[in-house]
Amino acid sequence: ARSRTVGELLAPTSPFDKKCGRENWTVAFAPDGSYLAWSQGHRIVKLVPWAQCLSNFLLHGTKNGANPASTRLPRQSSESGQKNKPCEHVIDCGDIVWSLAFGSSVPEKQSRCVNIEWHRFKFGQDQLLLATGLNNGRIKIWDVYTGKLLLNLMDHTEVVRDLTFAPDGSLILVSASRDKTLRVWDLKDDGNMMKVLRGHQNWVYGCAFSPDSSILCSVGASKAVFLWDMDKYSMLRKLEGHHNDVVACEFSPDGALLATASYDTRVYVWDPHIGVILMEFGHLFPAPTPIFAGGANDRWVRSVSFSHDGLHVASLADDKMVRFWRIDEEYPVQVAPLNNGLCCTFSTDGSVLAAGQDGSVHFWAPPRQVASLQHLCRMAIRRVMPTTHVRNLPIPSKVVEFLCYQI
């Protein structure tokens, strides 16, 4: 089936851009669904109120320029009393942008650095931050509502390839870099770098938190998929199975599954608690043998994203296709065309998939269906129970298999 196009946001181009090319490596939605951010290529990040963007698609069709008069919103100053009213911002980050991540704070969640009594910034309930990872190794933190620069983090020595905030509202930020390290930052402690996670022998391409913030997955060159205990900052295990660089990862909403995308033309769905591959989504048929999967081909998978229903995975590959998969089916349930796609992510409510291309963003309606009561119960149980605990439950073996996503 062909996915329905919802709309697209097109970045303005200049003759210079057409000559050198521009790449959108990252698209992100705010946790509360209020904003969409994407890198327009080069140094520019665009922040757009998502509700306004969606309504504009419905009113004016699918195409939408980057700065149409109909969607231009008044800029608000922080002193106006309407600080958290969504408004459009164009941010010049000063260097090529490789990664973006939204973070929102929960005041009750204390900083891990308890000895610090004085801070430059006090984060309230309505605080919304945008972290941008740059080509020069810096990470810049911006206030989404005002577009102002808050912090400049400068410990990486190479490109910051990915960023992720802990979902628990603690404003713990993890950065993945080509300098072969991951770094953990506490933004409530004025951006203090708490820990350096070492273990990758080559570039780190991506990182993702589990929904309960207890586990971090990091992926990189040389087939690397690592899981980290974020309470002890130690490595839990390495997941082995890919045959080429692993470039993207994401946990399912209940934390029971982990999807990884690789240049070996495959997306694997793992049980991260025991390190077992549960599902393989192939993008080349017949699947290449390990020796060929380790080289260049036109089926490199660039990005993967889990839908909020826990039943679907989206992948984006070099064969100019976006695919939507069900976690219990071998073949895609929907596809859509996209040239030179680099990244994809689901909107906060799961109603739209956004994919980044050459400075532009394209949107599709993913497969929608009412999840079974069995699946909803499974997600509720798996949010609080790892696989080892489920296996010890005094219940029939078929039910255990279902709860472990093995049937």
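Glycine residues also receive a Cβ, built from the backbone N, Cα and C atoms like all the rest.
According to TrEMBL, the domain 'SOCS box' annotation covers 367-407. According to TrEMBL, the repeat 'WD' annotation covers 123-152, 153-195, 197-238, 239-271, 301-335.
Sorting each residue of the repeat 'WD' (197-238) by its DSSP state yields 0 helix, 25 strand, 17 coil. Counting same-chain residues at least six beyond the ends of the repeat 'WD' (123-152), those with a Cβ under 8 angstroms from any Cβ of the stretch are 28, 30, 32, 34-35, 37, 39, 45, 47, 75-78, 83-85, 87, 89-91, 93-107, 158-163, 165, 171, 173, 175, 177, 179, 185, 187-188, 190-191.
Counting same-chain residues at least six beyond the ends of the repeat 'WD' (301-335), those with a Cβ under 8 angstroms from any Cβ of the stretch are 1-3, 247-254, 257, 259-263, 265-267, 269, 279, 281, 283, 341-346, 348-350, 353, 355, 364, 366-367, 369, 371, 375, 379, 405.
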